[in-house]
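Annotated features in TrEMBL:
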ACT_SITE  65  active site, charge relay system
ACT_SITE  129  active site, charge relay system
ACT_SITE  312  active site, charge relay system
DOMAIN    58-362  domain 'Peptidase S8/S53'
SIGNAL    1-22  signal peptide
């Protein structure tokens, strides 16, 4: 049996009295009446930052701590609710091993109540710590009451792993991190530290990082004699502590480590430091914050308290900043957000002589990080996966190297009819929306989401009673900078192409093939004239000789050809500027009962290039659609080892990378699309 490490991971918060209140510039601030006491915001340029972004309602931050007062009047609206659980029915509805975990979990008592508790021995620190940390991240802002968190709207996932005295062990920490991963946390805040290295915990930290979770950890508080300084902190380069020092052997920065500075940007006397492990500093002294209200005790009736100090409170400033960045730029990876925070920090070497190489990037600057994020062009390319049939209707976003960025449910969790996905900038704001349509057995329900999964619009593409499934693509057909949504039936309906705007208003419709054909249509678009106005490209599915047709937005036929002769097994089509000549080519790929022969056609129907896109070990392959302006081709199929393998090719057909999908496989494979932010 693996040994449990009790009393090693300890809370890093230091309680220090303060003689007076911290001053705060009262200009351009939200209505929270205690904001004047949040002087630690001053050096962060938070007011300017809030002009850019002040809410992140879709971002989930797991606070693994001593419990959170989930009914606190300045926090309750920002507490995460488990969408897969039904409260009070004593059933594990989401099958995650935790019954009725509506708002998180208490791993100490193994119950679905993540609040601090007045049971056994307890301290003021052990009771209040998690609520203080959560308030820094996400106290409800601009609500005419209390304090403001870095993010005014957010989802705090409370996971209690410390007892009332503030002691915990590695086993509970590992369970809490696994819970956060499984329930889709975007950020994990770890205001805790210990001295024991543990390989199992390092593996779980890596698992979280590989799932694109942002992990923020406090540097820790230590009393160390150094020369004339009786309290100086530890050099983590020489005395590593954890989890802040869990990084990859290849130099991968799994954890964003945070130390503390005072109001003058001097390293706090208690804060640990170092050239490794520590990435950025943030104010960590003289906090007035949220405290837990427990009516059973007269000692815990105040909503607020102070003043407190510690790296435990520096870390949530960074977690809150990461949440704003994640909301502003959901397309960024965790490493890109780490880099934004570190590289935008203010230099504090002048204030800290002798520590010039041990201060990470400097002191957090929330405004600079958000401003940099606005103009950052991510060098990552993203794939969107959706199940063809037999699995939950999840939209899953991955990098081309196999790192999961995010996922969300597009329709009811019980729907198993498959999902079509496309992406394009529908409203002209420079960020692509994600468009979904239900597959066969679902209604003709088209939905439009932000990249973080927030529903932005929806409509029915055909009669509400139609259940044959909807194919779709999206592209700018008229050159106005806003893409249109193009739909076609998958089966069971005449081959009726429809074109809609962002609001679901029908702009045009036409028949792509003979009216009697009900076998369904695959779609793409292509800018064959290099003028920014895409044409609609269709390919018949199984049931007739596979024919590719090119139309303008009004349905006027431009050209047609048969890519595989008399083959009638269905063809996938992709519009792509394959040879950087400004004109899109049309790529074709057989759906079934044919060699996996990928062909490049000109708009005139001339074969330009072709190759076999998968090897003999891959079954039921499919190609990523919506490849416009990308330089890669992506093919997915089930290997003989029964997992789905994703293969990335360059334009010459050379395999440049591959990865397998770890989640449960749908019975009929995946649909693929690129996330287009170009």
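Glycine is treated like the rest: Cβ placed from N, Cα and C.
Those TrEMBL annotations? Automatic predictions, nothing curated.
Across the structure, residue 65 (active site, charge relay system) and residue 129 (active site, charge relay system) place their CA atoms 7 angstrom apart.
Note on residue 312 (active site, charge relay system): other Cβ atoms within 10 Å of its Cβ, all shown chains, come to 32. Mean pLDDT for the domain 'Peptidase S8/S53' (58-362) in the predicted structure: 93. Rounded to a whole value, the Cα-Cα separation of residue 129 (active site, charge relay system) and residue 312 (active site, charge relay system) is 8 Å. Look at residue 312 (active site, charge relay system): DSSP puts it in a helix.
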